[in-house]
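Working notes, beginning with the structure itself.
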Amino acid sequence: MRFQELPRLLLLLLLLLLLLQGPAGGAARFDPTWESLDARPLPAWFDQAKFGIFIHWGVFSVPSFGSEWFWWYWQKEKRPKYVDFMKNNYPPDFTYEDFGPQFTAKFFDANQWADILQASGAKYIVLTSKHHEGFTLWGSEYSWNWNAVDEGPKRDIVEELAVAVRNRTDLRFGLYYSLFEWFHPLFLEDESSFFQKRQFPVFKMLPELYELVNTYQPEVLWSDGDGGAPDTYWNSTGFLAWLYNESPVRDTVVTNDRWGAGSICKHGGYYTCRDRYNPGYLLPHKWENCMTIDKFSWGYRRNAGSSDYLTIEELVKQLVETVSCGGNLLMNIGPTKDGTISPIFEERLRQMGTWLKVNGKAIYETHTWRSQNDTVTPDVWYTFKPESKLVYALFLKWPTSGQLLLGQPKATLRATEVKLLGHGQPLKWTSLKPNGIMVELPHLTFHQMPCEWGWALSLSNVT
Ligand SMILES: *[C@@H]1O[C@H](CO)[C@@H](O)[C@H](O)[C@H]1NC(C)=O
Ligand SMILES: *[C@@H]1O[C@H](CO)[C@@H](O)[C@H](O)[C@H]1NC(C)=O
Ligand SMILES: *[C@@H]1O[C@H](CO)[C@@H](O)[C@H](O)[C@H]1NC(C)=O
């Protein structure tokens, strides 16, 4: 090749590249319509991840009483429990805003959080960057004096956690964001115009959301709180088209379905449908079960008792049921105003991690099987890895007989192998007619058990 041919060759290559980038080869463009946005395939990492941690933290963590809806229940609904709590513990002119400076985050150590979160076995986290109270955990340009940099911690919490999580763990960093704010004057004015006026989204919510995504590049954007307003008021489709087409996270970001009145369980990315959603059957659309370790609150409660927290057995059950039915589990913790993760939350997180160390193969990157739960033995749930042709049977009760009867799998003589995860030796089994298999579990002493709160069998060559 002669030297002067090089530029021409390069030009040709460039042309070829441009052609390949056409409608067939390039990244899809999305229109600001639900039809177009709903057709976006969910980035694959999300379904593979299966397990995330939700973190509800904000000024509501200061009263840490009742619920993260404290402000609303106290001042809007005037529930006696909350009114009395204030009357008995604070001066009469004390306002919710006065809790702001007490949100000190004095012991907040993002690296320590990141290590605990990693130890849970989760693959992503979702932090409340702003709840319905409007207080932003980053120095929002649009939340003057009601954000963590000007008030309270005087630190950029979102930044600190994003850096720690990205630096120390392989977890994806996600953010929750409440569209509406209970008492924002612009929102209240819009509301009284039946959302004909759109001052709040134009001057507050949309600019803030762009700022949040551009600055912190969350890979989960967990929208919430439509305030009764339709998605057209929020311009959700306009924003999502930008998020999917132009934003710095356009290739990897996932979103949920809470983008305006009526959009839940219908539009957006994956479905959340309602809080603590766990249908118990297979859904045709990717979904997430967002739930709380504290049965009664998302935010920290100082007066919670130990029986208010789900046990590790109950949490493992949630994870197993959810994943078998095609969902992800987003398990919530509520840190204290000091920025600590209380020992009971930390313990549950570490227990989950211990369990996943043994049984992760039956959870991460699995697919749903033809059957979600067993038809004969209750509390047996199935997952599937098509690549390795393995079916996993997760069982939550160790049968006293030492024999586990599975009514669903059809085994093949001399081909099917059954193993207990964390144990390794092939187990004896017998085929049942017309289908089903009886597995002889190993005789293990307590200390030989691979784990204590649920087990998984891998079955090869079953149909
Ligand atoms: C990332 O972690 C390393 C090792 O733990 C530490 O030395 C470094 O300062 C951290 N970087 C940031 C930006 O925090
Ligand atoms: C909605 O957002 C899109 C994309 O940013 C913008 O082009 C459009 O003008 C917005 N519409 C309204 C009604 O705000
Ligand atoms: C499990 O499977 C049975 C069918 O054998 C079904 O009746 C039941 O509703 C399923 N779901 C749960 C949550 O047990």
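Including glycine, each Cβ sits where the backbone N, Cα and C put it.
For the domain 'Glycoside hydrolase family 29 N-terminal' (27-361), the model gives a mean pLDDT of 98. Residues annotated as domain 'Glycoside hydrolase family 29 N-terminal' in TrEMBL: 27-361.
Residues or ranges marked as domain 'Alpha-L-fucosidase C-terminal' by TrEMBL: 372-459. Summarised by DSSP class, the composition of the domain 'Alpha-L-fucosidase C-terminal' (372-459) is 3 helix, 34 strand, 51 coil.
The signal peptide annotation in TrEMBL covers 1-28.
The Cβ of Cys290 (site 'May be important for catalysis') lies under 8 Å from the Cβ of Phe54, Thr272, Asp275, Arg276, Tyr277, Leu330, Asn332, each of these being in the same chain and 6 or more residues away along the sequence. Marked as site 'May be important for catalysis' by TrEMBL: Cys290.
Listed by sequence, the residues of this chain that lie at least six past the ends of the transmembrane segment (53-74) yet keep a Cβ under 8 A from its Cβ atoms are 81-83, 85-86, 96, 99-100, 102-103, 117, 120, 122, 124-128, 130-133, 135, 137, 152, 157, 176, 182-183, 290, 292, 296-303, 330-337, 349. Residues annotated as transmembrane segment in TrEMBL: 53-74.
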